Each structure stands twice: as structure tokens, then as C-alpha cells.
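Engineer: This is the structure I want to talk about, given as C-alpha cells.
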Amino acid sequence: MFLALGLAALLMTAIVGVRYLLVSGGFAWATQVRHPGLYATQRRQIVREIGWSLASAAIYGVPAGIVAWGWRTHGWTQVYTDLHARPLWWWPLSILIFLLAHDCWFYWTHRWMHRPRAFRLAHAVHHASRPPTAWAAMSFHPIEALTGAVVIPALVFLVPIHVSALGVVLAVMTLMGVTNHMGWEMFPRSLVHGPAGRWLITASHHERHHRDYRCNYGLYFRLWDRLCGTDAGLGRFAHDAGPHPARPARDGIADRRGLTGADRSGGGGA
Ligand SMILES: [Zn+2]
Ligand SMILES: [Zn+2]
């Protein structure tokens, strides 16, 4: 049994790691096509991002592998395979519930990680990416990775979900994790700056979190940021302002403390 458990954890780690390399690699390539040279000065940062991300792959892979093993062998979790086992309207609703629950968990744990001590301990690694690249999607300290890794394995015990809907949730999670960090906006202006963009988080929103720190904590939706007064609106990318993407330099002490000028002057936050 322990051998099977270990193999499941190992296999899931490999799947998460390869998925990360393929998706981040794909969007890094798209970045090179769309904005040549955008990451040119960030080679060392990218190496670090890949290292932390592969370590996170194991932290995500082990609990997911154990739960997947329990599902296959002991019927653990509420994941079902017969689409008609529940009403069809449950399929999209279950996806929305998973995304809302993940977003809520992420918002509050993320906000907690912006307290000075927690920031230094658990979150400074992620913010060492200034600005982040497509490779930063899983660039987390192990403590932060653990807070993220438990969400889906816990939710599958609580909320019934069809296996294909779970696949959609994981695809959205992966896609947004990568694209929110890649340094440019891939969604059309009409979406980002339109009514949907007032509630959905894309790269323009998360870019501002990486620049100003104590605002825009959400993952998928701007709901909690809006409710709690931490939504600072959309950011702008350096390459939007001019022909060449002269990316801003690190600004030293602020990134280690998680504090910025906006924060000190009452920019909101935990
Ligand atoms: Zn981030
Ligand atoms: Zn943060």
C-alpha cells in the first residue's frame, strides 16, 4: 500500500512539474513572439523562478497524488465520473463554487502573508520576481506552496464535482497562474476594461499587486478586494508606455518588507 501511495505521489509530482514546464514554457515562448526581449534582463530571476516552481510541484503533487490514489482505490472524495449522477446544471455551478472557494482562501491567506513577519517567512520568495515572468506561476516558498496545495484536495471532499469539471478548474488554475505573471495582457481590452473586467482578475490586475504589494490580493475575482477596500484597480505594463520594454529595476528594501510608498501613505491592506 505504501509503495502504491508513494508512486501516486511521485507520479502526480511529475505531472504537476511537467504541466508547469509546458504551460510556462509555452507562454514564455508566446511572450518572446509578442514582446521580443521582454525577459532579456531577467535570466537569473527566471532560473530562480523555475527552481522554486519545481520544488512547489512536489508540494502540490504529494497531497494531490494521495487523494487521487484514495479516490481510485477507496472511493474517497466526492469526485464522480457519471455525468448524469447529478443534474447537468451542477456541472457549471460546481466549477464556479470551486473557483469562488479557492479565490476566498487565496485572498485571506495571501493577505495574511503580507503581514511583515509572514511576508519575510513565506511570501518574499514570490515577490522576489520583480516584475514576474511566465515562469513565476509556482515560484513560492514551501510554506506558501503548502497553503495553495491543500485547497483542491480539501474541496474535493466537500463539494461534489464531475471529473471533467475538476479538469476545467485545474486548467483555469494553471492558465491564470501563468498568464497573470507573464508581464503583458493577453485578454482583449474590451474584456479587461469592460464590465467583466471589473470582476475578473487578469494580468493587468495582478501586475499591480506585484508593483504595489498591499492591494489586489485576489486570485480569480475582484470580489474580496472590492468588499475589503483593497482593490487598487488595474496596473499598466512598462511596454505599453513606449516601444521598448524597459522593465523597472528592483527597489531594494521595500520588496523584502512587503511595503511600498502607497502602503505607508494608507494604501490599504492587512
Ligand atoms: Zn503573483
Ligand atoms: Zn503578494
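Positions of Cβ are set from backbone N, Cα and C atoms, glycine also.
Computed from a predicted structure; not experimentally measured.
Feature table excerpt (TrEMBL):
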| type | residues | note |
| --- | --- | --- |
| TRANSMEM | 6-29 | transmembrane segment |
| TRANSMEM | 50-69 | transmembrane segment |
| TRANSMEM | 89-108 | transmembrane segment |
| DOMAIN | 96-230 | domain 'Fatty acid hydroxylase' |
| TRANSMEM | 161-179 | transmembrane segment |
| COMPBIAS | 239-258 | compositional bias 'Basic and acidic residues' |
| REGION | 239-270 | region 'Disordered' |
Engineer: Could you give the residue numbers and ranges of same-chain residues that sit at least 6 residues beyond the transmembrane segment (161-179) on either side and whose C-beta is under 8 angstroms from one of its C-beta atoms?
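Structural biologist: Distant contacts of the transmembrane segment (161-179): 19-20, 23-24, 27, 78-81, 83, 85-86, 90-92, 94-95, 98-99, 102, 134, 137-138, 152, 155, 186, 201-203, 219-220.
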Engineer: Quick one: do the transmembrane segment (50-69) and the transmembrane segment (89-108) reach 3+ CB pairs under 8 Å, ignoring pairs fewer than 6 apart in sequence?
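Structural biologist: No; fewer than 3 Cβ pairs under 8 Å.
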Engineer: For the domain 'Fatty acid hydroxylase' (96-230), report the average pLDDT of the model, please.
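Structural biologist: On average, pLDDT over the domain 'Fatty acid hydroxylase' (96-230) sits at 97.
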Engineer: Treating G and I as helix alongside H, and B as strand alongside E, what does DSSP give for the domain 'Fatty acid hydroxylase' (96-230) in helix, strand and coil?
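Structural biologist: Breakdown, helix to coil: 89 helix, 4 strand, 42 coil.
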